[in-house]
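A short write-up of the structure that comes next.
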Amino acid sequence: LFPCLAPLSPHSYLSIPLSICHHSDWAIHEFPEDIFSSEQRRKGAVLLHVVCAIYMFYALAIVCDVYFVPSLEKISENLHLSEDVAGATFMAAGSSAPELFTSLIGVFITKGDLGVGTIVGSAVFNILVIIGICGIFAGQPISLSWWPLLRDSIYYILSILILIAVIYDEKVIWWETVILISMYAVYILIMKQAFRLPITPHFSPDTRLRMAGRMLVNEVHGPDGSTRHTPATAPCLHAGARTEARRMVINGVRETHTHAEFPYVAPTCTLTVMWCRFPGGHCERVRWLLSWPLWLLLYFTVPNCVLPRWSRWYHLTFLTSTLWIALFSYLMVWMVTIISFTLGIPEVVMGITFLAAGTSVPDCMASLIVARQGMGDMAVSNSIGSNIFDVLLGLGFPWFLRTLVVDYGSVVIINSKGLVYSVVLLLGSVFLTVLSVHLNCWRLDRRLGLCLLMLYAMFLLCSVGFQGL
């Protein structure tokens, strides 16, 4: 499919058609020189870059969920924002930070389609894979409410249609970026004013919060009360759902503890000093050893505003965690660019597949945890709601900065001709998902989950094929 997948001599990539390899032949020169030569990478050193990229996925999950999102929660509380507005703005930014920074790097450093491909691929992953996995592994059929899914899907479809219109001519100009950002402002108003059905109709809001808190306690603690080391999954619920669940774990579990149902989880045990506790079990020890340098680094460089002594320093937490997210995202894109160049894979394909899956795995695990507790609406709505942020702000904001702030009047060029078709496939995936749920009587089960995963496999095959156009 890609003639550049064959082994290349140091200069033979210059003869590869630009329509296939796009910017991977020169985007690599926008980064520092690699310590390995092209010959060494082709002989196996590229595997080290793959491992490093995967480690950056893990690093981004930790810094976002443990430090960045709590700082955004503090900011929202101090600005006295309503829960819906906070969830649609600050919390959505926290959960989509890796995609946003990848898009920024794609616009200002690589000047290619890596960021766009990542957001499009991540959006399809969130719709098809996350919902599909929830249906397969939830353990029981999950009943879904029609209104939240239909409401978010309609606005999401409208957002995708606008995105198709923006990139159809393969260039983005300043007033188009203003339209994307304005649409997100309208979405915030809708979230603030629109009538929202309860996430779990049969339970009161307080009961749903207790369910979310107990759910995460179960994930952090084993049956015997021993602490599990699950930093990348326990605290990574999307937007408002993640906010409620974490607040229950940190503040509200005391109530469950008084009923002797679950042991109290001190924040310092689960969020800050995991690096100094050696767990039992071989797999847990391996994971602890691999993540220990990262936890140690973040512990001494980012104040944890969840703790009472650092609660007033949430601005510093926000600043330092943002810097780490930017650095980890830069390293991640650097490694993926080297992999793309070495293997001759277009960078947009790497974004749609490898980067999209890597940045979405923590959200997938979080949604699965929620679905297993019977809260299917929470899992599905979060998957769609975060995509609205990715499409409208994850793409619109970097393009806005480029065309209006950094280089006024400039144009962002879309290099991949097949990217428009991938976005059309994204639109189709939303239609098919809603239609499938409707035909399945608004129930999420194993059969529907398998169908969604098959659709995702078809999307990947078609997207890769479109890049040869």
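Cβ coordinates come from backbone N, Cα and C, glycine included.
Where the annotation comes from TrEMBL, it is an automatic prediction and has not been curated.
What TrEMBL lists as transmembrane segment is 46-69, 114-137, 149-167, 173-190, 316-342, 348-371, 383-401, 421-441, 448-466. What TrEMBL records for 50-191, 316-463 is domain 'Sodium/calcium exchanger membrane region'.
The stretch from 114-137, 149-167, 348-371, 383-401, 448-466 that makes the most Cβ contacts under 8 Å with the transmembrane segment (316-342) is 348-371. Counting Cβ pairs under 8 Å that are 6 or more residues apart, the transmembrane segment (173-190) and the transmembrane segment (149-167) reach 3 or more and are in contact. For the transmembrane segment (448-466), the residues of the chain that approach it from at least six positions outside its boundaries are 1, 121, 124-125, 127-129, 131-137, 349, 352-353, 417-419, 421-422, 425, 429, 432-433, 436-437, 440, judged by C-beta separation under 8 angstroms. Applying DSSP to the domain 'Sodium/calcium exchanger membrane region' (50-191) sorts its residues as follows: 120 helix, 4 strand, 18 coil.
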